[in-house]
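Taken verbatim from TrEMBL:
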type	residues	note
DOMAIN	29-199	domain 'FAD-binding PCMH-type'
ACT_SITE	Arg178	active site
ACT_SITE	Cys227	active site, proton donor
ACT_SITE	Glu297	active site
Amino acid sequence: MRWLLDLDRRGLCSVRPKEPLRFWNTWCVGGCAEAVISPRSESALGCIRKMTSEEGVHAFVLGEGSNVLIPDEGLEGLVVLLRDDTSPPIVEFSSDSRVEVQVSAALPLRKLLNWAVRRGLSGLEFAVGIPGTVGGAVAGNAGAKGRSIGDLVTFVRTIEEDGNVRVWMGNELSFSYRKSGLSSGRSWITSVGLNLYPSSDGDIRQRLKHFASFRKGQPKNAKTAGCVFKNPPGGSAGMMLDSAGCKGLRVGGAMVSLQHANFIENLGDATAGNIIQLVDICRDRVRDKFGVNLELEVRVLGDGPSPPEG
Ligand SMILES: Cc1cc2nc3c(=O)[nH]c(=O)nc-3n(C[C@H](O)[C@H](O)[C@H](O)COP(=O)(O)OP(=O)(O)OC[C@H]3O[C@@H](n4cnc5c(N)ncnc54)[C@H](O)[C@@H]3O)c2cc1C
């Protein structure tokens, strides 16, 4: 991939060859990618997208890796990191009742939330405690307690497989529970338009407290990827897993959290294989007890062995 070395030499991206991916996901597991690339501009990203498509090279886009499982075999191909952008949101439109902002997909969601709170803008309070980037949140329609980022999206700017920019309107993206029209990873999100709503400091703090209260029963400072399974219609995956006796189950260095049965913790030396085995055991237990096939919320990347979909 001479073009990649050329982009690197020209300072348009940084390239880390044979990079262990455990450094780039919150479960801290997984093998290497052929290279991990951090593009420095949207046009460099377009070039990477176009060249990988033309040459048939697999390319995976990652934000903070807080909702993915990377196989121990690693990923055949390139990983493109879109994270750690700290440029502040741009206000596109402002009235007494609505403010529209344009935000980089690589901005951490928590930074966007802090920015909005400081300016008296409401809408994102559900995101308190959700790690990851704005791009990752939009791709998977991240949310909590019935609220999700898709409710706020006005437009999404992406790089498509041919390297060109496309702008999607929010209503084209079919946001649903932890899913969007961009979940497949084929379109790479570079920026997002969001509606926020002016509100009093007191109301915003109240809502933050409300959403933060749901985090109390979740493991803190543990290596996890958030909820492993989606809630089935009308049910709670966490409660089913708990009632099926999953809390504390262990395979190698992976353990079902004692605080919340829908979280799997890497105790230090877990492999992706350990996590996959534990996922299978948990799913079997819930199927046996409730006759329900739990669907994964985390995304298993690559072609390595993965737990079958529920
Ligand atoms: C402690 C903890 C608590 C959590 N709580 C919640 C919660 O309450 N609600 C919730 O919804 N999630 C939760 N999560 C899961 C996770 O934080 C969110 O799903 C988050 O939005 C993922 O963002 P990310 O940048 O880490 O995405 P990644 O994990 O890097 O990627 C996730 C998927 O999005 C794709 N993607 C990432 N960036 C882009 C982009 N720019 N363009 C196109 N596709 C992209 C990836 O290819 C991948 O398929 C939690 C995770 C943890 C560790």
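Cβ atoms here come from the backbone N, Cα and C positions, even for glycine.
All annotation found in TrEMBL is predicted automatically rather than curated by experts.
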Neighbouring C-beta atoms (10 Å sphere around the C-beta of the residue listed as 'active site, proton donor'): 21
For Arg178 (active site), the number of other Cβ atoms found within 10 Å of its own Cβ: 20
Surrounding CB atoms that lie within 10 Å of the CB of Glu297 (active site), all protein chains: 19
Cα-to-Cα gap, Cys227 (active site, proton donor) vs Glu297 (active site), nearest whole Å: 7
